[in-house]
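Engineer: OK, Swiss-Prot features for this one:
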BINDING   169-176, 194-198, 216-219, 283-286, 310-312  GTP binding site
BINDING   S176, T196  Mg(2+) binding site
DOMAIN    4-162  domain 'Obg'
DOMAIN    163-329  domain 'OBG-type G'
REGION    18-44  region 'Disordered'
REGION    357-386  region 'Disordered'
Amino acid sequence: MAESNFVDYVKIYCRSGKGGRGSSHFRREKYIPKGGPDGGDGGRGGHVYLRGNRNYWTLLHLKYERHIMATNGESGSAKRSSGKDGEDRVIEVPCGTVVYDAETGEFICDVTEDGQQVMLLKGGRGGLGNFNFKTATNQAPRYSQPGEPALERTVILQLKLLADVGLVGFPNAGKSTLLSVVSAAKPKIANYPFTTLEPNLGIVSYRDNRSFVMADIPGIIEGASEGKGLGLRFLRHIERNSLLLFMVPAEADDIKKEYEILHNELVKYNPELLDKRRVLAITKSDMLDEELIEALSQDLPEGIPYVFISSITGLGIVELKDLLWKELNKENFHEAERIVHKNIDVSTLEFEDDDEYIFPVDEDEDDPDEEYEEYWDDDEDEDTRK
């Protein structure tokens, strides 16, 4: 079976660069026997950033890049020359990426906009050269500071798709067929449950060159919030959708009951989904006459807009687009929506075994027994660097 290209979570090890060592050097020139200290400062270690990129839709490009490290700052040198700063590392991620600590599952940050840049790890500051420690009583200081150590962290990047409309329904409810009709997306379509095994995105064209994004996720079954079926892994993608389109086939024994089951599964997974606007589409309605449609309308859930559609014949598709656009653009609909990301249980995620990796040791690695803090415990040092 071919490996899926849809990767919505990865685990990576990140390390910033350590600061370069300050130089302990004295000016030595002919006819200047006491030139004094002229050791330069060490360079700053490289930072590690996350940056949103709308050209990425999955985390596939990071699946096999498990170690991301910025470079170290270079040491200072004579003539008060500062060392070169370490090179930053920027991790490009799709918009909607959420970052968690791989050990505790604690939420760290999220990236939702194209070009948004978030610092994940800060590079170490460069150490001060001995020139900075020259005083009236100490004209020839022989000590300098080592650079600050690097920071390291293993994180989990988890993608939650950003879409205007999310399709919610049982397997074989016609979600993929609808997406293929209203957009240029070509999801796999077949007459059996769980045809869709991964989310699909499509851009729906509307009047006057306007458009909105629609997301199709694998079908939800009763008990999905408890881990049954495929729904649990993909339910998180619904959290980012502005509007939920519930899809129930007209052939269902009880349309209202099926809608309530779907609704309850979402609420069990995340009660905050109750606040999202909802629209109901009764699919596969091409065999219904007006009298039967009128009868079924009497038993539908109250307080939710609905429309009868058929993706095969095109019945109600225009009306559905109008309804979705209307709901998406209602007054106050796009007020700032604050999404609270809960911590995750990292034990529920499966990762391939990490390959053993030996990190390179720098030739100028500091003595491990050297106490770093003793050089940075004075606020005066910080003031000297400004």
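Even glycines carry a Cβ here, placed using N, Cα and C.
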Engineer: Who are the chain neighbours of the region 'Disordered' (18-44) in space, where the CB to CB distance is under 8 Å and they lie at least 6 residues beyond its ends?
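Structural biologist: For the region 'Disordered' (18-44), the list is 72-86, 123-134, 139-150, 364, 366, 385.
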Engineer: Take the C-alpha atoms of S176 (Mg(2+) binding site) and G169 (GTP binding site) and report the distance between them in angstrom, rounded.
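Structural biologist: Per the Cα atoms, S176 (Mg(2+) binding site) and G169 (GTP binding site) stand 11 Å apart.
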Engineer: Tally the residues of the region 'Disordered' (18-44) by DSSP class, grouping H, G and I as helix, E and B as strand, and everything else as coil.
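Structural biologist: Summed over the region 'Disordered' (18-44), the classes give 0 helix, 4 strand, 23 coil.
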Engineer: I'd like to know which of the binding-site residues S176, S310 has the most other Cβ atoms within 10 Å of its Cβ.
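Structural biologist: That would be S176, with the most Cβ atoms nearby.
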Engineer: Tally every other Cβ atom lying within 10 Å of the Cβ atom of K175 (GTP binding site).
Structural biologist: 30
Engineer: Across the whole of the domain 'OBG-type G' (163-329), what does the mean pLDDT come to? Round it, please.
Structural biologist: 82
Engineer: Using DSSP reduced to three states, classify G169 (GTP binding site) as helix, strand or coil.
Structural biologist: strand
Engineer: Using a Cβ-Cβ cut-off under 8 angstroms and a sequence gap of six or more, which residues of the chain neighbour K284 (GTP binding site)?
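Structural biologist: Those within reach of K284 (GTP binding site), by Cβ under 8 Å and sequence separation of 6 or more, are G174, P249, A250, E251, S310, I312.
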Engineer: Over all shown protein chains, what is the count of other CB atoms within 10 A of the CB belonging to G169 (GTP binding site)?
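Structural biologist: 23, counting other Cβ atoms within 10 Å of G169 (GTP binding site).
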Engineer: Across all the protein chains here, work out how many other Cβ atoms are within 10 Å of the Cβ of N172 (GTP binding site).
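Structural biologist: Total other Cβ atoms inside 10 Å, all chains included: 19.
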Engineer: Mind giving me a neighbour count for P218 (GTP binding site)? Other Cβ atoms within 10 Å of its Cβ, every protein chain shown.
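Structural biologist: For P218 (GTP binding site), the 10 Å Cβ neighbour count is 24.
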